[in-house]
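Feature annotations, courtesy of TrEMBL:
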DOMAIN    45-488  domain 'Major facilitator superfamily (MFS) profile'
REGION    1-34  region 'Disordered'
TRANSMEM  41-63  transmembrane segment
TRANSMEM  93-113  transmembrane segment
TRANSMEM  125-141  transmembrane segment
TRANSMEM  153-175  transmembrane segment
TRANSMEM  187-209  transmembrane segment
TRANSMEM  215-234  transmembrane segment
TRANSMEM  300-321  transmembrane segment
TRANSMEM  341-360  transmembrane segment
TRANSMEM  372-390  transmembrane segment
TRANSMEM  396-422  transmembrane segment
TRANSMEM  434-457  transmembrane segment
TRANSMEM  463-484  transmembrane segment
């Protein structure tokens with residue numbers, strides 16, 4: 001239609017052309033509503049986080065509590081085939097594979113997710129991904145009935161693909177639908193949902209619920225529930241306005257989506273920020289991960305994002321999530337007590353992630369990340385000391401439990417959520433797809449290394465198995481202090497300019513590929529466009545135009 005092709009003009013009166021749109025917004029009525037209404041934004045956030053990231057938490061922790069029951073199924077299956085029990089070493093290896101192959105799938109999902117999100121949109125990718133979640137539930141839920149533990153392992157790979165897609169796309173969708181002032185809160189909601197999924201998996205996995213010999217197939221099929229919820233609710237929400245305007249260049253749909261999310265027709269400030277990014281993205285080349293490493297201006301933020309992802313996984317958190325029950329057993333608790341202690345730590349993780357979401361846009365990303373890493377280092381050291389000396393003093397086992405709890409509190413403070421959404425903050429639309437792909441693959445690769453190495457490490461050095469994590473936490477704290485910038489309250493354009501100013505453009509151009517040279521030239525031109533755009537906006541201040549601009 002001709003109206004769809006109509007360009008977005010600053011100062012244009014949109015109230016007459018957008019009386020009724022596809023999301024149910026009536027522009028004339030919206031003018032009378034409070035501009036601070038966040039109801040539609042909250043609905044979109046809830047539809048995203050309770051349907052997609054929740055699946056990551058469920059699949060991450062769903063095998064933790066009932067691991068002894070599922071290992072018995074492995075033993076029984078092996079005995080039925082070969083007439084003998086599985087050797088202890090082989091059983092340990094099979095279980096490590098079952099846990100860690102989830103991460104292999106995560107890497108595959110993380111690799112393909114940016115491509116699908118760039119072609120079909122963030123929302124549509126999340127909706128289609130739910131069919132992968134259903135396939136995962138079918139495989140895992142029928143493993144016991146079929147008598148093949150290989151189906152459970154295959155289901156874990158499929159679950160990883162599903163969660164790899166979510167880990168790349170959900171933070172992107174949340175960051176792109178949220179205003180700058182709430183971007184940290186929305187990004188942390190992603191991690192909040194993951195932690196809630198972990199707790200839900202721990203509750204369902206209790207021996208008094210679904211963690212029994214007969215009911216565990218229903219437990220491993222549980223991720224189908226949030227997948228169905230996501231399909232039913234996210235379908236009613238709009239696509240990311242940034243995707244619609246910057247990638248698809250559909251200005252009318254972007255305007256409608258933004259009006260729905262803000263529950264207001266006063267969207268000029270949000271559209272201005274996206275329009276500036278659209279100008280940068282237009283005519284810029286598609287950058288590959290190789291190009292990001294070649295360009296000094298993009299290489300340094302990419303390295304920062306990679307180290308942030310490593311700091312999350314090599315902090316040892318997934319060793320706690322995957323094997324917390326066995327850690328508590330080694331501290332002297334019974335099997336039942338260990339399960340409830342694991343559940344307690346999960347609840348604390350949810351609570352502190354919620355607190356982190358509330359203070360993220362006040363305290364800042366860098367401050368919270370350093371606080372989290374420093375606290376995790378301190379209590380990891382304490383945990384190693386307590387576990388190594390508890391044979392001499394039994395009361396130290398209780399101190400080790402407290403150390404695990406406080407360790408998780410500090411993880412939720414910053415390292416749990418910040419690495420996921422900072423990659424979306426530190427890159428403009430052009431290089432963002434490649435940067436997200438690299439960051440997600442690094443995160444899942446580190447997750448895989450921890451998942452497959454920790455049980456072997458625990459068996460080899462027993463009570464000192466957390467010592468390597470202590471060393472890495474110290475390194476990540478120092479790196480964050482020296483090199484990670486604060487992004488609180490800054491637009492994506494301002495953040496990318498921060499790195500641009502730190503780079504000697506003249507020296508960098510000499511080693512750039514032709515595509516990157518073209519990108520540099522385009523960025524310089526777009527800076528001029530952005531400056532003109534801001535000047536025009538300033539000149540419209542105080543006018544009677546129905547589109548207002550807020551400082």
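Positions of Cβ are set from backbone N, Cα and C atoms, glycine also.
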Two-stretch contact, the transmembrane segment (215-234) and the transmembrane segment (187-209), at least three Cβ pairs under 8 Å: yes
Top Cβ-contact partner of the transmembrane segment (300-321) among 41-63, 93-113, 153-175, 341-360, 396-422 (pairs under 8 Å): 396-422
Mean of the pLDDT scores, which run from 0 to 100, over the domain 'Major facilitator superfamily (MFS) profile' (45-488): 87
